Amino acid sequence: SMAAPALLMRVVASAYSVAEKAATIVRNVMAAGDLGIVEKTGANDLQTKADRLVQMSICASLARKFPKVTIIGEEEVSTDELTEELIEDGHCEEILKKTCPAQYTGIKEEELVIWVDPLDGTKEYTEGLLDHVTVLIGIAYGGKAIAGVINQPYYNYEAGADAVLGRTIWGVLGIGAFGFQLTEAPAGKHIIVTTRSHSSSLVNDCISALNPDSVIRVGGAGNKIIQLIEGKASAYVFASPGCKKWDTCAPEAILHAVGGKITDIHGNSFQYNKEVKHMNSAGVLATLRNYDYYASRIPNTIKQSLVP
């Protein structure tokens, strides 16, 4: 008989279904029309009813199945509003059929940390730029992002009434990443994707120094990594603090699973153990290919301004 699937594969399979449930909540809140927006630290740092409900749903659903796993989410939410209909108990069978990489077969629950961004691109969500929005569930072991799920609740939303709305991308290091068509950016073109709502002179000076052919400004870290793996951009550059561990964990796992690379502006890899500080204070540099080309061209003046 088949051995029971390894813990990691069960967590990823559950996270897949939990992310699909999250997408339904995100779409329902938008359709109901009352986003319940509150400002956290200012006009560019917003929280909506969707952020709150989705975080409750993801964290409670995963905690119920995997009680010893550490789960760290972006939002401060009380579980007072937690109702049974927010709980997702399902899993993706397809994921359970994949063989867990040998180095991860012995993982215990208490060794995993799950980083959750219930709604990445909240500002864009409130402005109706719905394709920017993602739900991020990143899974870390030994301080490294090893698996991730990215759901795009509004994928295809401009494709007409008959289009299937939303998609879920998932990946595990040593297995690969699925749910999208891996595409490389046009050869010889330097297309940079960066922040839409958190720009600064530092962000812009860094991009200018790289002399790009074009710059794409979009919301959401998840969305920016998708631009890389679908070949729409060749580098994601953000020379600023502001990005957090829950923004990068799931995207990092997906990107690394297909041979890409993500670091801070200095080239340091991110750490995801539960004690780590939440802010990625030295920015982000990510590529699917040709990481060294971009890394070698980041000016020292920019690096000196960003302390890890």
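Placement of Cβ uses the backbone N, Cα and C atoms for every residue, glycine included.
Note that TrEMBL annotation is computational and uncurated.
Taken from TrEMBL, the feature Mg(2+) binding site applies to E74, D117, L119, D120, D247. Less than 8 angstroms from the CB of D120 (Mg(2+) binding site) sit V133, T134, V135, L136, G220, A221, G222, N223, D247, each of them six or more residues away in the same chain.
Less than 8 angstroms from the CB of D117 (Mg(2+) binding site) sit G73, E74, T134, V135, L136, A221, G222, K244, W246, D247, A250, each of them six or more residues away in the same chain. Across the binding-site residues listed here (E74, D247), the residue whose Cβ sits among the most other Cβ atoms within 10 Å is D247.
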